[in-house]
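First comes the structure, then the notes that go with it.
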Amino acid sequence: MVQANELRVGQIIERDGSLLQLTKVSYTQGQARAAGNVQVEWRNVRTGQKQSLRLSPSDKLDRAVLSEEEHVFLFQAGDELVLMHPKTYDQVEVRAEVLGEVQRKFLTDNCEVKLLMHEGEIVSAELADEVEIEIASAAPSLKGESVSNQYKPAETTTGVSLKVPSFIDAGDVVVVNTKTGEFVRRAKR
């Protein structure tokens with residue numbers, strides 16, 4: 001059980017036999033003696049249907065019991081991702097929508113994917129918080145620009161556009177946050 005005021009985006013709760021993944025959680029304070037409330041939006045994991053609800057901070061919800069399994073991304077076939085278990089070499093196909101839209105952009109060969117399962121059913125997948133990815137093209141740097149803290153547009157080998165510091169060039173490998181899609185640092189190689 002988890003109280004409504006402890007809910008966080010990405011958590012999966014069980015309600016009326018459905019698995020619901022929280023997509024947005026906002027808290028409002030009450031005035032005077034009135035208690036605040038918690039506004040949540042969630043997506044039904046099985047149907048994809050979205051819904052919102054207002055809860056009291058003391059309301060209790062059932063947190064889904066999930067197990068985690070590490071897999072390796074092999075390739076994408078249509079809207080299915082083909083993943084392999086690193087120890088048993090079993091391959092599994094997963095709907096691409098199970099992995100968030102932002103994270104799908106950072107899938108590279110042999111990238112680690114964590115599958116979250118509920119009673120043997122895959123309900124969610126996520127990449128590591130940070131991944132290393134190669135820059136395919138970057139705008140040229142101007143002389144003297146390295147002193148300032150300016151960013152320039154660049155594109156990764158997977159086609160993602162992002163802003164990088166002026167010292168990053170095509171061919172460099174950078175670390176990117178998979179949740180926000182932002183540059184973190186140059187990778188150490």
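The backbone N, Cα and C atoms fix where each Cβ goes, glycine too.
Remember, TrEMBL labels are computer predictions, not curated facts.
What TrEMBL lists as domain 'Translation elongation factor P/YeiP central' is 68-123. The annotation domain 'Elongation factor P C-terminal' is assigned in TrEMBL to 131-186.
Model confidence over the domain 'Translation elongation factor P/YeiP central' (68-123) is summarised by a mean pLDDT of 86. The DSSP breakdown of the domain 'Translation elongation factor P/YeiP central' (68-123), given as helix, strand and coil counts, is 7 helix, 31 strand, 18 coil.
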